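Database features (Swiss-Prot):
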type	residues	note
TOPO_DOM	1-87	topological domain 'Cytoplasmic'
TRANSMEM	88-108	transmembrane segment
TOPO_DOM	109-119	topological domain 'Vesicular'
TRANSMEM	120-140	transmembrane segment
TOPO_DOM	141-156	topological domain 'Cytoplasmic'
TRANSMEM	157-177	transmembrane segment
TRANSMEM	181-201	transmembrane segment
TOPO_DOM	202-209	topological domain 'Cytoplasmic'
TRANSMEM	210-230	transmembrane segment
TOPO_DOM	231-238	topological domain 'Vesicular'
TRANSMEM	239-259	transmembrane segment
TOPO_DOM	260-316	topological domain 'Cytoplasmic'
TRANSMEM	317-337	transmembrane segment
TOPO_DOM	338-373	topological domain 'Vesicular'
TRANSMEM	374-394	transmembrane segment
TOPO_DOM	395-401	topological domain 'Cytoplasmic'
TRANSMEM	402-422	transmembrane segment
TRANSMEM	425-445	transmembrane segment
TOPO_DOM	446-457	topological domain 'Cytoplasmic'
TRANSMEM	458-478	transmembrane segment
TOPO_DOM	479-486	topological domain 'Vesicular'
TRANSMEM	487-507	transmembrane segment
TOPO_DOM	508-548	topological domain 'Cytoplasmic'
REGION	519-548	region 'Disordered'
COMPBIAS	537-548	compositional bias 'Polar residues'
């Protein structure tokens, strides 16, 4: 009894308010502590009022109870075996996304020659994939917020696998145009793997882990180029499409293990499922669960686009849309531009060809050579140093400055393409540019899930991904069509766009470095109460203390 009284003396002074009772009273101006009278009368409490007059939700009405939220459990359990498995599984989906994107720069010149396609049809073949992604990104985000992250991810991956294999059997241009568009529709949901992944990560390792999962993207691009080197000269592009679907097939087989996000379960009212998921993670990691009861967050409408434009997120949403647009516009533009530059030999060769009086036939083509594939591989390998640089600076200078630095260095590297240099120096310039634009993309993937609350996290990431696809949709007409008119204007467009993106990064109103994931768009009472001495993390699990 004495211990209980000792604990109560050290708790914040609170006043209990009855249902319907005004929060203002005549005693508000009286200084000193308010006594808590406990009598036999049962009174329904709707809130607790702290000394500063702030109201706490009724689930915290008893300050002596041990309670915890999902964020507290994730922090207590930490990073372990479960997260390593999740990294590998969601990484497969990420790797497949990269391969489907990388295949565009390989497939387009091949079909240009084999089917004698004009340049605008080649550009359209690339753009239709991004049209599908743009149309579906917000939809998959809404599905993930409404029905669960796992559900949205599984459906999108199976969809992509089906139409990806089917497109290998396309007999004519119109068929492959439609089927690749449907592939793009499915790929629009793959970024939700980042949402699912981030919601299982403790705060101190979240940025590093999300960046490290980007290794699968880099591996996917490298694997696609290596696959093309061996498959294209012998088996052709149809087999390349089939073999490129292998990571998706492996994911579809293993996805039965994939758990639903505990944060999503709590927000949707499935407290028991969320608790079961947390216990599963604790068991696999060999870590104790926090003592007490799992607090259910206030249930909110999920997946509502209007929430992205609430006063607290309106500026963030608009700036992020432009940042994601610029990232994809420049990244995929550089991928396509690399192929064009390697085929020409250098920038000056392209410039001289444009000045020639002899008109250029739009059906003229050149197949990619082994040397072209090798140089493409070298620039693709730049994803790794770009990832390492971002990994090193993102927790030192913050997410916003990291994105700004990457955009500025990319812009400078792109301007170096104005110089008339040989193939080797050109490869170095492209290597640096690709390293930093991919680093900026990776930083955006860290920042976006961190800045939005659970109720709109998947939708926020989905709409940003959709805006990225708008940039990717436009970029073939810059990197492939405008290039025929002016290489210098093409490079200037990409460089200027990223300078503006760097400015936008600096003006983002929220820095998420060292910030926990927000469960709600409202004030996070669970996290505040933890610091008041009522939370017991890391204690030995107790059946009597934990909610079953």
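From the backbone N, Cα and C atoms, a Cβ is placed for every residue, glycine too.
With a cut-off of 8 Å between Cβ atoms, the residues of this chain six or more beyond the topological domain 'Cytoplasmic' (141-156) that come close are 90, 93, 186-190, 192-193, 195-196, 199, 252, 255, 258-261, 264, 268, 302-303, 455-463, 465. Each residue in the topological domain 'Vesicular' (479-486) gets a DSSP state, and the totals come to 6 helix, 0 strand, 2 coil. Note: the stretches the transmembrane segment (239-259) and the transmembrane segment (157-177) are in contact (3+ CB pairs below 8 A, sequence gap of 6 or more).
Helix, strand and coil counts under DSSP for the topological domain 'Cytoplasmic' (202-209) come to 7 helix, 0 strand, 1 coil. The recorded stretches the transmembrane segment (210-230) and the transmembrane segment (181-201) share 3+ CB pairs below 8 A when only pairs 6 or more apart in sequence are counted, and are therefore in contact.
Across all of the topological domain 'Cytoplasmic' (446-457), the predicted model scores a mean pLDDT of 84. At the 8 Å Cβ cutoff, the transmembrane segment (157-177) and the transmembrane segment (374-394) share fewer than 3 close pairs (sequence separation 6 or more) and do not count as touching.
Beyond the transmembrane segment (374-394), the same-chain residues lying 6 or more positions past its ends with a Cβ under 8 Å from any Cβ of the stretch are 102, 105, 207-208, 211-212, 214-215, 217-218, 221-222, 225-226, 229, 338-339, 342, 368, 401-402, 405-406, 423, 427, 430-432, 434-440, 442-443, 446, 513.
Listed by sequence, the residues of this chain that lie at least six past the ends of the transmembrane segment (120-140) yet keep a Cβ under 8 A from its Cβ atoms are 100, 104, 107-109, 111-112, 152, 156, 173, 176-177, 180-189, 191-192, 305, 332, 336, 362, 458-459, 462-463, 465-466, 468-470, 472-474, 476-477, 480-481.
Stretch with the most C-beta contacts under 8 angstroms to the transmembrane segment (88-108), considering only 181-201, 317-337, 425-445, 458-478, 487-507: 181-201.
The transmembrane segment (402-422) shares more Cβ pairs under 8 Å with 487-507 than with any other stretch in the list 181-201, 317-337, 487-507.
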